[in-house]
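Report on the following structure.
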Amino acid sequence: MVFYFTSSSVNSSAYTIYMGKDKYENEDLIKYGWPEDIWFHVDKLSSAHVYLRLHKGEKIEDIPKEVLMDCAHLVKANSIQGCKMNNVNVVYTPWSNLKKTADMDVGQIGFHRQKDVKIVTVEKKVNEILNRLEKTKMERFPDLEAEKECRDHEERNEKKAQIQEMKRREKEEMKKKREMDELRSYSSLMKVENMSSNQDGNDSDEFM
C-alpha cells in the first residue's frame, strides 16, 4: 500500500507526495523511483520514506518553499521519535542519489554523493499543514514496476521523436543551403555571361 498526498503553492500547479506503509514497501519505492522524485527522511532518526514527484524539467532547487515544508512536516510526523521533537532536521536528495547495496538492511539506504544531500529544519509541528495534507490522502496498491516502465517508455518515445525532428530540421537546412548555393552559382554564371555579352557589343561598335 502506498499513501498519496497532494501539495501546491500559490505560484505552481499541484505536486504529488507519496510514502510507503512500512520499510518493506520502501524497498519497492527505492527500486522503482523516478528521476523526477526527491526523497525525504528525518536525519539520524527512523522515519517514513517520503517522496516528492517534481514536474518534468524541474530540479531540486525549483521546489516551492511551501511544498518543501509540506514534505518535511509529513516525514517528521511519520517518525516515532521525530514527531515528539522540535527543531528536527530533514534530509532530502534526488532519487538518483540513493544507493542500495546487498549488505544493507530492509529499508536502509546510503548516498552516492553526500554533496547532493540537502537539509531543511522543521522547528515545530504545524497542525494546519498536516490537516491540509491529510484531506488529500489516498491509499493505492500501485504496480510500481509497471508505472516505472510506462514512464520510461514515454520518455524513450519522446527522445525518439526529438531525434527525428532534429534530423528533419537538419535535412531541411541542408536543402535550403543547397538551394542557396545553386542560386548563387546561377547568379555568378549570369553575371559572367552578361559581361561577355557587353564586351562583344563594344567590339562591334562603329563610330562615324
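Keep in mind that glycine also has a Cβ here, set from the backbone N, Cα and C atoms.
Bear in mind that the values here come from a model prediction, so they are computed numbers and not experimental data.
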Range annotated as transmembrane segment in Swiss-Prot, from 4-20, 72-88, 106-122: 106-122
21-25, 56-60, 96-100, 136-140 - the range that Swiss-Prot marks as region 'DNA-binding': 21-25
Protein Cβ atoms within 10 Å of Lys23 (N6-acetyllysine), excluding its own: 14
DSSP-derived class (H/G/I helix, E/B strand, else coil) of Lys23 (N6-acetyllysine): helix
Distant-in-sequence neighbours of the transmembrane segment (106-122), which means Cβ under 8 A and at least six residues beyond its ends: 23-24, 26-27, 30, 43, 49, 60, 68-69, 72-73, 76, 87-94, 96-100
